[in-house]
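These notes concern the structure reproduced below.
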């Protein structure tokens with residue numbers, strides 16, 4: 001069901017609770033409001049509700065009695081209920097640091113040998129030393145029960161490469177335990193590469209052995225080290241000297257290629273030994289100027305932020321389907337990329353549906369960042385490269401990266417100029433208003449970044465210290481967008497509805513970036529483009545989650561390891577999605593991103609279940625899509641809420 005839109009954009013916040021007086025709480029219609037006890041009683045009963053009011057009334061005193069055993073009643077009386085709630089919310093704010101990491105492989109200790117799964121003609125090269133199972137009958141006896149009747153990979157591609165290990169194997173395994181294939185479907189998908197930017201083993205080996213050449217990066221760093229000045233001055237001197245040499249040679253009528261024989265001549269014998277691949281073009285010997293690089297039209301686009309953990313490829317596919325224009329991979333550490341780490345290179349993968357795609361890298365040194373840019377420029381297919389100079393986490397900031405770059409302007413300039421010199425695609429930068437809460441510095445940096453050669457800037461309207469405790473400063477974003485002109489500047493912060501987007505577009509920004517808003521409701525892209533409120537039903541939201549699990553099984557695999565990895569990322573996403581309040585339940589639209597919902601009953605059981613902020617209820621939703629969790633399953637969300645064990 002869709003609600004009609006109002007032509008006027010609200011200019012004031014309506015986040016004042018149930019009756020418009022409780023600040024910080026969303027305004028929900030009275031008939032849907034409930035208490036914490038009744039809400040959880042409904043979910044525990046599976047939607048059937050309490051048998052009678054008396055049972056519901058008896059539940060309250062029992063819970064209070066249990067609480068009084070843990071803490072003396074005198075202490076409770078000293079604290080006002082509102083103050084107690086504030087203390088609880090303060091304790092649960094932020095991230096769960098040092099949370100236990102449960103590897104997906106721990107759920108599948110006895111795995112089938114890949115040589116058996118892939119039905120290779122040759123035997124396993126490891127022989128008796130192989131740690132995997134080779135007896136199919138033994139494996140099938142140990143394997144957990146299948147999750148469903150239909151395999152998404154088999155239905156989509158005509159063949160499931162996970163064979164017997166697939167958790168939907170009954171859809172494509174014959175009676176004699178052979179992996180079947182739909183020849184017609186497989187032939188239609190032949191030659192298609194849905195995902196690009198994978199790390200090949202040869203490149204990984206060369207990166208680990210440090211034999212990959214970085215000619216352009218080394219030339220740039222030589223200029224910096226020999227100059228001993230600021231990056232801009234060194235770069236100008238190098239360019240001036242190069243132009244002077246070319247000018248003098250041309251004025252004297254000399255041919256630079258046939259000057260005197262001072263060790264530069266190559267004999268005919270040596271020329272014969274040189275391997276050549278294809279024709280020699282101007283691009284091989286003449287560096288591209290800024291205006292000659294690939295141009296990207298960023299204006300009036302909806303940009304899905306590069307979200308760590310949650311901004312994975314399956315989630316980006318969901319957002320592309322709902323109307324996101326620009327997508328960007330999760331933040332990747334440049335040093336890990338240069339070391340050939342598979343997990344870091346996986347963040348660079350690009351789906352065929354991502355028509356305007358970039359990657360985001362993080363680092364704090366000019367040499368590693370420039371080398372990383374040269375590597376990406378030569379080895380992967382992207383439309384732009386983004387520098388993350390807005391990351392607030394301590395691990396990055398204390399090393400001088402992320403937000404730390406904003407206060408290290410000389411290093412920042414060296415990084416930008418260096419990366420720009422080796423890239424054939426636009427270089428973009430993501431920044432915050434500053435580091436300290438009341439000391440904005442972005443307006444000082446932006447004019448400098450224009451000189452350094454940045455193609456686009458994204459500004460998050462909060463400082464590092466502020467995090468998400470206050471609203472984004474769109475007045476400051478507007479001021480910075482005027483300073484950035486004609487370079488496009490995207491604003492980021494607190495966009496959850498098309499009302500927020502239209503209000504943001506009243507400023508002079510070139511476009512808007514969505515982060516938490518896209519996690520809470522990915523259909524916000526559709527709302528913005530169609531200028532309407534979408535009262536999406538619980539069944540439609542479940543279909544969105546089902547599509548995510550399909551994309552996850554395609555991306556991470558349909559065996560136990562891939563299935564549990566998909567479940568883990570689904571639960572991380574649900575920790576944000578549970579904050580969504582259906583439009584039909586709101587007393588006033590739109591929902592504001594910093595308003596927390598009171599306890600409310602949905603219009604059906606599934607809608608109530610999706611509103612729960614308890615991990616155990618998120619597990620129930622995941623079991624609807626991916627089957628029951630393993631016996632040793634435990635989950636602690638990245639952002640503080642609660643845990644499941």
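Glycine is no exception: its Cβ is also placed from the backbone N, Cα and C atoms.
What you are looking at is a predicted structure, and each value in this text was computed from that prediction instead of being measured.
For the ranges 150-175, 176-201, the feature annotated in TrEMBL as zinc finger maps to 150-175.
A mean pLDDT of 94 is what the model gives for the domain 'C3H1-type' (150-175).
Note on the zinc finger (107-137): DSSP counts are 10 helix, 2 strand, 19 coil.
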